[in-house]
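Peer 1: Copied straight from TrEMBL:
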DOMAIN    1-362  domain 'FMN hydroxy acid dehydrogenase'
BINDING   Y27, Y132, R167, H257, R260  glyoxylate binding site
BINDING   80-82, S109, Q130, T158, K233, S255, 288-292, 311-312  FMN binding site
ACT_SITE  H257  active site, proton acceptor
Amino acid sequence: MRMEEITNVTEYEAIAKEKLPKMIYDYYASGAEDQWTLKENRSAFSRILFRPRILVDVSKIDLSTTVLGFKISMPIMIAPTAMQKMAHPEGEYATARAASAAGTIMTLSSWATCSAEEVASTGTGVRFFQLYVYKDRNIVVQLVKRAERAGFKAIALTVDTPILGRREADIKNRFALPPNLTLKNFEGLNLGKIDKTDDSGLASYVAGQVDRSLSWKDVKWLQTITSLPILIKGVLTAEDARIAIEVGAAGIIVSNHGARQLDYVPATIVALEEVVKAVEGRVPVFIDGGIRRGTDVFKALALGASGVFIGRPVVFSLAADGEAGVRKVLQMLRDEFELTMALSGCRSLKEITRNHIVTEWDNRPRIAPRL
């Protein structure tokens with residue numbers, strides 16, 4: 001398929017599969033174990049239907065929003081995905097430029113193949129830094145300070161990865177970071193390489209470096225080393241949402257790590273409402289996982305999300321067409337989302353309500369009672 005023939009986000013995956021070495025495509029595409037949650041992250045969206053309102057003047061539609069006080073053009077942001085130079089030589093540089101052009105936020109992975117400073121050098125734009133907590137806390141302090149100095153505006157703390165999930169494709173392929181690439185943020189610390197092992201090289205790296213004793217007290221510790229707001233990424237329950245607020249989180253990202261950690265957790269779109277209800281509007285709640293259409297974005301917002309993050313669509317479009325691919329993904333999602341808003345009778349994000357959708361798991365009557 002020629003690039004100009006692409007009409008939706010999903011079509012980039014097949015092109016990426018064709019272009020990339022098997023080890024790299026499998027690393028991006030696969031989930032944990034049976035990959036039940038991987039399929040469910042997508043299919044759960046199809047169990048939510050619309051209740052569109054008609055004859056609303058939708059001649060003007062405003063998609064803009066603010067996230068942690070930063071104004072962005074739309075509630076669609078870029079999730080942290082590791083090692084983007086495996087997808088395309090420009091890697092995170094290209095993604096950063098595409099996000100900036102779209103007027104939205106990019107989250108840079110700790111395990112990026114461009115450093116925080118290199119990404120900052122691409123120009124203006126609001127960027128968040130995703131953090132893994134290493135056993136050596138000096139490394140964490142250095143990393144956070146560098147992100148601060150490079151102008152990153154928030155820390156997205158990944159909390160669902162004390163140990164790497166069992167990704168069988170990576171085990172079969174003996175996944176390793178290609179020798180010409182390094183984890184740029186760790187280059188000077190002799191932790192920039194992921195070597196081949198008998199297992200997944202990344203699983204071995206995580207077992208050696210990432211702190212599996214990480215607990216809520218460490219979120220408190222993180223607040224003592226940075227003034228940046230901290231988003232807790234990887235919350236799936238009401239209980240943890242409440243604790244996150246108690247320890248001072250600035251926001252929550254409902255995430256199952258792209259279905260790459262614990263298999264048979266619910267789809268994030270299913271877990272979202274439980275978290276939103278527990279939070280009671282005290283902090284913003286975001287979601288990632290399985291978002292491929294503007295309709296998915298609308299459904300997430302109708303269930304109470306303040307915004308969404310996309311991961312795989314970014315690496316697949318990056319592999320297919322570099323920066324232009326990522327720009328097009330963001331534009332297609334924006335256009336589809338705007339269309340969904342118009343056809344649902346919503347002119348701004350605050351007009352998107354729970355009454356605009358019905359879910360298969362709703363016990364509420366199909367017809368809203370007369371007020």
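The chain as shown is numbered from 1 upward.
Every residue gets a Cβ built from N, Cα and C, even glycine.
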Peer 1: Which value does the mean pLDDT take for the domain 'FMN hydroxy acid dehydrogenase' (1-362) in this predicted structure?
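Peer 2: So the average pLDDT across the domain 'FMN hydroxy acid dehydrogenase' (1-362) works out to 96.
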Peer 1: Could you tell me which of these binding-site residues, Y27, Y132, has the fewest other Cβ atoms within 10 Å of its Cβ?
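Peer 2: It is Y132 that, of the binding-site residues Y27, Y132, has the fewest other Cβ atoms within 10 Å.
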Peer 1: Just to verify a number: CA distance, A82 (FMN binding site) to R260 (glyoxylate binding site), in angstrom, no decimals.
Peer 2: 13
Peer 1: I'm trying to understand the geometry here, so how far is the Cα atom of R292 (FMN binding site) from the Cα atom of H257 (glyoxylate binding site), in Å to the nearest whole number?
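Peer 2: If we compare the Cα positions of R292 (FMN binding site) and H257 (glyoxylate binding site), the gap is 16 Å.
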Peer 1: Relative to the Cα of K233 (FMN binding site), which of the binding-site residues Y27, R167, H257 has the closest Cα?
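Peer 2: Checking each of Y27, R167, H257 against K233 (FMN binding site), the shortest Cα distance is to H257.
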Peer 1: Check each residue in the chain of H257 (glyoxylate binding site) that is at least six apart in sequence and keep those whose C-beta is under 8 Å from its C-beta; list them in sequence order.
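Peer 2: The list for H257 (glyoxylate binding site) reads T158, D160, T161, G165, G234, given in order along the sequence.
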Peer 1: For each of the binding-site residues (K233, R312), count the other CB atoms lying within 10 A of its CB, then report the residue with the highest count.
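Peer 2: Most Cβ neighbours within 10 Å: K233.
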Peer 1: Taking Cα atoms as reference points, which of the binding-site residues Y27, Y132, R167, R260 is nearest to P80 (FMN binding site)?
Peer 2: Y132
Peer 1: Check each residue in the chain of R167 (glyoxylate binding site) that is at least six apart in sequence and keep those whose C-beta is under 8 Å from its C-beta; list them in sequence order.
Peer 2: Y27, S30, G31, A32, S200, A203, R260
Peer 1: Just counting, how many other CB atoms are there within 10 A of the CB of D288 (FMN binding site)?
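Peer 2: The Cβ of D288 (FMN binding site) has 28 Cβ neighbours within 10 Å.
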